[in-house]
Structures are given as C-alpha cells and as structure tokens.
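Q: Quick paste of what Swiss-Prot says about this protein:
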| type | residues | note |
| --- | --- | --- |
| COMPBIAS | 105-119 | compositional bias 'Low complexity' |
| COMPBIAS | 123-133 | compositional bias 'Basic and acidic residues' |
| COMPBIAS | 146-183 | compositional bias 'Basic and acidic residues' |
| COMPBIAS | 197-253 | compositional bias 'Basic and acidic residues' |
| COMPBIAS | 266-278 | compositional bias 'Basic and acidic residues' |
| COMPBIAS | 288-302 | compositional bias 'Low complexity' |
| COMPBIAS | 303-313 | compositional bias 'Pro residues' |
| REGION | 498-502 | region 'G2' |
| REGION | 519-522 | region 'G3' |
| REGION | 573-576 | region 'G4' |
C-alpha cells in the first residue's frame, strides 16, 4: 500500500502543513516535518481528536425540550336570547427549548429573553427545508456562473492560443529564414577563403541570391502577421455582429413596447408639408398628436424635406388616407395637424379613397371616362353536375347566388333550401333553365385506383387451379348427404331440421386432385344464396332424387347455372330406393333442355347413392374431366381477389366473412376491401376451424378483422395500404347514401297518393336478427312475400348478430316483434324486453318462422261475414192492430225463427224488403224462438205492407276467421 506524508494529507484536506502538524501534535501524534509518513492509525487518532474538539461526541445528548403550558380563563358573552353566559376558554401554549453550543449560549439566552418565540417541529422542518432550497438555489446559480466563466475563459484561451500559434509560426519562419541566410553566408565565406581565385562575379550573384531569400523570409513573416491580423479581425467582426444582434433585439423590444404610430401615404405627407409651409411665419403652433410623448419626439430627428415641391394646382392629398398606387411608408413623429373629415373627394384625384366610376363634376383624373365600352354578353358556363349536389354548390358552379337557384326551383314547382341535395337529373334541368350548359360529371372516383391493382393481377403468371363445384337442387333431394359422403363427415346431422340453411364451402383432396365444393340450400327462400353460388362456381352438380323427379327448385337451379354459363353434371340420387325411376328423371330434365350424353347431349348423368357410395367415383371423375376441358387457371403470386360467400357477426370475434379466393394468394395481415367494409386480416381459418397462414385460388377461408359485416356476394380485393381501402370504403358508403337520399326526396310526392290509399292497410312490424347474412336475406324475402292488400309485413330492422338492448328499444318504439334466427338475446335485452312487454321469438328452421308469422298475419285479417239461412216462414193471415201496425200470422215451414232475426220479405219469389223482426209472439206470449211446424205472430220493423201468401226468409250473419 502506498504511504502518505503529512504534506500530501494537508493537500488533500486543503490545509497548510504547519496547521496539520499542530493538530497532529494536539492529538498525540508526534510528527515533526511535512515529509513524515502518516499511518492509518495516526489518521484515526486525528479524527477522534477532531470529533471531541468539535463536540460530535455530544450529538447523542438531548438538545431540545418541549414544554406545553395550559391556561384556563373565563369570558362572559350574551346569547341570542339576551342572557349573559360564562364561557370557559382553555389555551394551550407550547415552548421548545433548544440547547446550543457553549460559545453561543449567552447570545441564545439574550435572544430568547428578547423574542422568546414558540417554535414547533413543523416550523423547524419548514425552515430547514427553506434553508436547504436556498442553498441549492445558490449552489445552482454558482454552478451556472462558474460554467459561464469557464466557457468565457475557454474561449479566451482558445483565442490566445490561436494568436500565440500565429506569432510562433511567424517567429519560426523568420528564424528559419535568418538561419538559412546565415548558413549560406558562412558557406560563401568558406568557399571564398578556400578558393581565392573565384571570380568576383560569383560572389555578387551569391549576395543577390541571399538578398532574394531574405526578402522571401520577410514576406513569409509579413504573411503570417497578416494571417494573425485577419484572425483578430474576424474575432472583432464576430463580436460586433453579436453586439449588433443584441442591439437589434433591444430595439425590437423597445419598438414593441412603444406606442403605435400612424402610417401615411406620400399624398398625406405632401399635404401636411404644404400646410406646414403655409403656416410658416405665422403664430400657429403645430398641434402634437395625442399619443406621442415629448422625449420620443426629441430623440428622433425630423424627416428630410421632399425632393420636389408639388406641381401647381395639384391636390393637397386625401386627408383620410387614400389607397394609392404606392405602398404605405413610415411617417415621422413630428407634430402635424390632422385633416378635416369631409364628404366627397377632398383630393380631387384618382387616388382618393372616395374616387370611383361616378366621381364629382370637377373630377379630371379619369381619362377613359368617354372611352367606348363594349356591351357585355351573358356568360354561358359548362357546369359539371355530379350524381348528387347541394343547392349551394350548384350556385357556386354557375357563379350565381344561391337565392337565384332557389327562385328557379320555385318556378319549376319545387321548394328547396340552400343545403338540400338535388339528384343529377334535377340539377341538370335547373342548369339548362338558367342558360348554362349542363354536363354529367365524371366523379373523382377513388375506385379508379383499383384499375392498377386489377391490371397487376391480370399480368401475373397464371397457374392451374382446382375447380369450384356447386351442389344445387331441390330441398331434401340429398345434396348435403352426397357431399357428406365425399367429405367423410357428418354435416347434414348438424343442420337444424336436416335442411341446409347456410352456404357451406369445403375443399376436398381426392386421389384425382383438389376440388372445392359449395353446398347451397334447396329451400325456395334461399334463391339469393343459390344465385351467389352459381356466380362463384366453375361446375354445377345438379342433384335430382330418383324417386321425386324435377321440382321447382330444380328448375330454378338449372336457370341459375345457364345464366352463369357453367357446365352441369347431373347426379341422380337415391337410386338404392325401390321406387327410384332414373329414366323418368331423364325425361323430365330433357323437357328442361338438359340433354344427357346418351341422348346426344353434352350433360353427363351419374346415378349415385349417398348411403352405399355407388357412383361417387364416377361423379368425381366427370367433374374433374369437365375441369380439364375448362383449363382453369389463375395467378398465384399476386394480390388476392375473391368473393364473400357468407358473412356473420360474432359477439367475441366481430365481423366474420367466408371468402372464396378466386385468384392470387390471401395472407394473414393483408388489407382487404369488400364492398363498404375494409380491414386487415387478423385471423384466417379453414373450413375445419384450424388457423391458416395463406389461401390460394379456389380455397375457401374464414377471415376476421373487417370494419363491418360485408354483404354476401361482394367482391373482395387486397389493397397495398389501409388508407386507400378506407378511402374507397367511405366513398362507397357516402355515394350509396347520397343517391338513396336523393331518390327518396324525388319520390316523396309520387308516393303520397299511394300512401294515402294504404291508410287502411294493417302492418305487422318485425325486427329480424340472424346468425349469418344469407339466412337473414332469405328470411326477409320469405316474410315480405306474405304481404297482401290488407296486411303487410313491415321489416323495421334486419341485421346479423345477437339481440341487443338497442333492438329491444327499437321494438318498443315501433311496437315490433323481434325474431331471432339462430341467435339469442343477452341478459340485458331479455330483462328490458320483459319490462316493456316485447315479444321475442326464437327459430332455427325457416319453415317455422314463416308459418308463425303467417298465422299472426291471419289473425290481423278482418273476419269474413257469411249469411246463413235459418228458417222459412209463410204468412197465413194479416191483422192490423192500432198503434202497432200490421201483424202477420205465420207458419214456420222450415228451420226456426228467433226474435230480432234478420228477414227478407219474398213476394212471388222476389225480395221486396230486407229488415229485422220487431216482435215474435205465440198466442199472447212473447217468445224467443219458434221452431218448424208451429204457428206464430210477428211484426217487421218499419214495414207494414205484409200480405197473405208472402214468405219470410229468416237468416243470420256469422263471422268466419280468414287465413292467408
């Protein structure tokens, strides 16, 4: 370990060596000179001595004593009633005694006797905190000051170093030149001494050369001096610039704080100078502006006189400040009289602020007053009218006021406001009426940006892709069972009621290749689903049951396939049944223009059985053969393009869409656009629910991450960035909304009479929530078909997803019934529906929903009134009773007659009166009913012309409930 001397320790402690030696001797450490070595034990003894000397040993002693004194006093105080009461007041006083050091004890006692403050612990802590803050502030200020001083010293040192370096370089150059000259002189003398016979001319040349070199050395020294002066000049210039910048900032601050000055034009300045010249030699004293201070005027010198006096007869200038050709210029602060405010052009020239096209009669500035002006023609503008435009925008395009457009619309018989939206046809009529040329505008369509993406897909290299096969046919003909056998899975058992209510998309890997199947519903309500399936498919498998034959949905499937232009492969199912008749099926299909190959047509017919598997291989072989003929190809290494087969809203996952990729490759993370929905693919699942990273052509996948539920059948495109997708989606939403709004406004007047005639029509409001969009479309379509002239179905709202509280609130406002198709209401919605008495009905089979709605509509129909003859009565004798009228004595020939029954009077088998019985008696007693074979007396209300031989037909009207 390195030894430490007394001098080194004194240097570390910033003390003198002699003082440290004295302290060491006082501590009992014998050291005589600063060079003596100090050990660690010596340092420890010195430290103990210093602690004892400065009182640190007494730190543990108690230095502060707190004394609390309690004083009680009484005061007398009057209360609200005027009585005087004695109130005891207790005051607590706290004193803190602090034990100080001995030298300061007397001073502390004197201060305590003078002030005797009461200081508590909080006050002490606050004061200590304040002292600490002040110390930190002082330390921070000292550090900043020290840093500035160090920076200035460093800058000065650098400047001195540069100057010294320049001087050293100059000196070195001079010394080098002198040394070289001296060496050459010595060499010359040595050469002269060595050879005395050298010519004198050589010596003179050497001398001249030495002189030249001496001059060069002097020149180098001068250049070094000039460089040093240049550095110094640059430093001076930098200092001056800094001072100038500071002065400018100071001037700007003074200017900002100074009162504002009035800027005047040259015309005003000339007028004031003329007035000043007129007042010279008089006793008039110029009035100083109100806002100007005397010191400011004294400091600022007056402006110089103008270079030339104004011409004779020239105007004095506009006192109010004209807007002349020259810009504003700063005026001095000399006191000048302000101009009088006058009416008219005081300047008389063209620069006055009141000068215009209709100047005064003494005005001479307008040289073109009598010049020829060509007549103005109406400007015919070419107005580009978009699909929808507001009245204000249309007026702006024609450069007219909106009021003019509104007047023109009123002339055309339509009341509009400035913000009302007009459709394209109406707007073009208005433009033509106002004398302009209307052109249907081509919108700044963001969808035009999609052309490049589609072109990129078209230019990509195409590869062979699997065929997309759609299975179509009538309900219960075995489509799903056939596909189930091919897939080796149980799908039909999972569908409610054993019927397919969704489009199922699957791809199957067979020994002969990959095939993608689309299973479509066969029920008549799912027409839109079958149309979408035919649109996305390459080949259609038409399933016809051998025991049932061609049915309505079979014909519809044939029509869809022909409209899509895709080949058909007929699969005759259920051939294993005893009552199967494939030949009858062929004959019926021939009637529908589906000709089998054995009859000379081009449609293969394959008898199959989904139970035994008979004909399945032959069916797949025919499908792949058709695919080879079609030569199906699609680009793979390109942005994906596809079709939304089905879409739904999941409570946890959000909008979900089943997409069939038609070309390109869809990857997780791609930005997709589907109609008015857009988003980034967050997750992608195959038909088995397993995650998939990508999907090539003809592969169906389920994607998540869209902004909303897309419409089934929408085209799906992959775009390079989300901004473009959002822009196109919002454009589509706005376009559809504007067009719909404009059409609704145009159709209001046309529908008014129709709505008035429908005032007596009853309506059944419904809110429909389904699991997928295809089912929702089918259910809405089926229910709307139930509407009649008397009762119609009103679909208030139809959407995908569970039943929420907002649906219940909507049902409460519209008095609607909520139908949930494969969906359920959450707890909040159920409670709210129960409180408001809203009927929520759940279904999972479309037949049941349609039947119950049909029954409800039947109950809303007004009952049918039917007449039923109950009896026939013959008049045998007529009695005329005073105050009663004619009374007929009758015999009941058939049926019975009741009191107050409806009757028709028949005379010669012709109805002459229809009315109601007034009374019915047997003998003298009133009776309720008289049956066949008995006599009775009766009178008819408001009819006295009863004759013998008349017949009375008794009937009653019954109401019968009607059904749809």
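Each residue, glycine too, has its Cβ placed from N, Cα and C.
It should be emphasised that the depicted structure is a prediction, and the values quoted were computed from it without experimental measurement.
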Q: Determine which residues of the chain contact the compositional bias 'Basic and acidic residues' (146-183) at the Cβ level, with the cut-off under 8 Å and only residues 6 or more beyond its ends counted.
A: 210, 213-214, 216-218, 220-221, 224-225, 227-228, 231-232, 235
Q: Below 8 angstroms Cβ to Cβ, which residues of this chain, lying six or more residues outside the region 'G4' (573-576), approach it?
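A: Beyond its ends, the region 'G4' (573-576) has Cβ neighbours at 477-478, 481-482, 543-548, 582, 607-612, 614-615.
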Q: Can you give me the average pLDDT across the region 'G2' (498-502), rounded to a whole number?
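A: Result for the region 'G2' (498-502): average pLDDT 48.
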Q: Would you mind splitting the compositional bias 'Basic and acidic residues' (123-133) into helix, strand and coil residue counts from DSSP?
A: 11 helix, 0 strand, 0 coil
